[in-house]
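Trainee: The structure's right below; bear with me while I get my questions together.
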Amino acid sequence: MKLFAIQGLKILATGSAVPDSTLSNHQLSEIVQTSDEWIVTRTGIKERRLLTGSNRSVIDLATEASLKALSKISMSPLEIDLIILATSTPNDLFGSASQIQAKIKAAKAVAFDLTAACSGFVLSFVTAGQFLQSGSYKTILVIGADVLSKWIDWSDRSTCILFGDGAGAIILQSCSIKDNQFLGFQLNTDGRQYKNLSLPYIDDSDPHTFLNIHQGSFNYIAMNGKEIYKFAVSQVPLSIIKCLTSLHMTVDEIDWLLLHQANERILTAIAEKLSLSTDKILVNVGRYGNTSAASIPLVLDESNEYGKISNNDVIVISGFGAGLTWGTVVIRWKR
Ligand code: UT7
């Protein structure tokens, strides 16, 4: 997608947070019939972090990640104009972003949630980009955070082995066009396939006697793993190629491939489809599992901290998941 920008966008800081509690594959094999060998071979996941304890929610992780990002650049939270929280696991169906705004004391910021499951961070980054590049806002905090552990059927071995909890945050600011780091994007949705990965609401009570209103609750994550696998491996490379082509760029110009951390086999298969060396994949799914909207900013923060990414590196970021929704963002890293 061509960007119509009167301003550029620069990345000022990243931060992340994961719960302390670790669940290994061995521990999981005591809950469901599975094995470390099966999980590692099929997914590359060795362990994941889970938010344990009562009254802890996505807010705790998102707040910690945001405060870490702010402290890295000694920025006052009062400088933030907008907070976008990508999450599918809010602690309030009306949204959780406003509670984060209050917790980090970003009193001048507008705050809202954006729900797009594992593509949430990509969609939030693009949304933030529109506000910054049009000149509407100067400084935006984008957070990807999820606690899918609260919505997993822990007796279903086909899903409970995959997911973990976490949060990642990034602070973006408008800048001159010549310093712009957000090169382009490409987004897609196919609602016909929504049933392949969903967390459905189900009417499970008798209707109200007079009003005939049915009420219910949300169920557990339901997934057709094979279909999601095929979808990711076929559609994500196409999105990346479309995005690069629109920018008159080629795969050879990619320094790092930062994909939603769903499954290491999916990441490798996508790189292979692009004829890209697997050395260029940024990966941490082995330690955290699939953290949904958090996975991309979590890897970005780690790679930034470890000094893995260098000045001027081109990073191709792709998210994919429930909706089904998928998309790509291309950025140029500046130190
Ligand atoms: O953000 C996007 C989120 N979703 C994903 O990324 C999911 C993408 N899909 C996948 O990653 C893979 O499809 C899975 C890892 C979920 C499953 O791998 P698979 O190679 O597609 O396995 P499968 O579902 O075809 O199952 C193969 C066998 C079955 O047994 P039978 O029917 O061959 O006897 C399953 O019952 O493996 C069995 N199985 C397990 N065995 C041990 C399924 N889950 C497990 C398990 N441990 N946890």
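Using the three backbone atoms N, Cα and C, a Cβ is placed for every residue, glycine included.
Computed from a predicted structure; not experimentally measured.
So TrEMBL lists these for the protein:
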DOMAIN    112-191  domain 'Beta-ketoacyl-[acyl-carrier-protein] synthase III N-terminal'
ACT_SITE  Cys118  active site
DOMAIN    247-333  domain 'Beta-ketoacyl-[acyl-carrier-protein] synthase III C-terminal'
ACT_SITE  His260  active site
REGION    261-265  region 'ACP-binding'
ACT_SITE  Asn290  active site
Trainee: Please compute the mean pLDDT of the model over the region 'ACP-binding' (261-265).
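Mentor: Mean per-residue confidence for the region 'ACP-binding' (261-265): 97 out of 100.
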Trainee: Please classify the secondary structure at Cys118 (active site) using three-state DSSP.
Mentor: helix
Trainee: How long is the line from the C-alpha of Asn290 (active site) to the C-alpha of His260 (active site), rounded to the nearest angstrom?
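Mentor: That comes out at 8 Å between the alpha carbons.
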Trainee: Summarise the region 'ACP-binding' (261-265) by DSSP state, stating how many residues are helix, strand and coil.
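Mentor: In the region 'ACP-binding' (261-265), the DSSP-based counts are 2 helix, 0 strand, 3 coil.
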Trainee: Out of these active-site residues, Cys118, His260, Asn290, which one has the fewest other C-beta atoms within 10 Å of its own C-beta?
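Mentor: Result for the active-site residues Cys118, His260, Asn290: minimum number of other Cβ atoms within 10 Å at Asn290.
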Trainee: Hey, how far is His260 (active site) from Cys118 (active site), Cα to Cα, in Å?
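Mentor: Cα-Cα, rounded: 7 Å.
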